[in-house]
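Colleague: Got a structure for you, written out below as C-alpha cells; questions coming shortly.
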Amino acid sequence: MKLMNVVKLMIRAIARAKKTDKPIVYIDMDNVLVDFQSGIDSLSIWEKNQYEGRYDECPGIFAHMKPMKGAIAAFEVLNKHFDCYILSTAPWDNPGSWQDKRLWVERYLGKGAYKRLILSHHKQLNFGHYLIDDRTKNGAGEFMGEHIHFGTDEFPDWFSVVTYLTSENK
C-alpha cells in the first residue's frame, strides 16, 4: 500500500474518531492569516534597530499585527466546508508571542477559534488533508497532506485558495 493511501486512511480514521466527515485544513498565521509586515510597521525606530533581522523576537509585535487581505472572510468560508485549525510556529526567544498569537486568533477569528490554535515547530506531525502555509520550514514541506503554498503564483491570495478548496472538481 502506498504511503499516501496509508495517510489518507489514517486521516479518515481520525475524522471518524472526531465524528466529522469534513476534510481537515491547517492554516498558518504569519503571512497567511496575519500580515506580519503590519507588525513591523508598528515598531518604533529603536525596536526596528534593536531587532533588525529578527523582528519576531520583539516583545509585543504579534499583538499589533493586522489580518491579511481577505483572510477573515476566507477563514469563515473554509470553516463551513472544512474542519479548520490554525497551525503556527512561535519563536522560542519571544515567549510572549505565544500568548499574543492566541489573543490575535480570539480577536479576529472569534472566541471559539482559539481552541483550534496549535503552536508547533513540527507541522509535519499533524495529520490532515491540507496545510495552507507560505513556507516549507518547520515541517510544512514534509506535511503528508497537500501543502497549499500561499503567496506563490498558483495561490497568490485568499481568493485563489478558497476557489481551489471549494471547487466541485476536487
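Note: Cβ is positioned from N, Cα and C throughout, glycine not excepted.
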Colleague: Write down the one residue from D134, D153, D157 that Swiss-Prot lists together with D28, D30 as binding Mg(2+).
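Modeller: That Mg(2+) site, as Swiss-Prot gives it, pairs D28, D30 with D134.
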Colleague: Residues other than D28, D30, D134 within 8 Å, Cβ to Cβ centroid, of the Mg(2+) site?
Modeller: M29, N31, V32, L33, V34, F36, S88, D133, R135, F150
Colleague: Given a separation of at least six residues and a C-beta threshold under 8 Å, show me what packs close to D134 (Mg(2+) binding site) in the same chain.
Modeller: D28, D30, N31, V32, H149, F150, G151
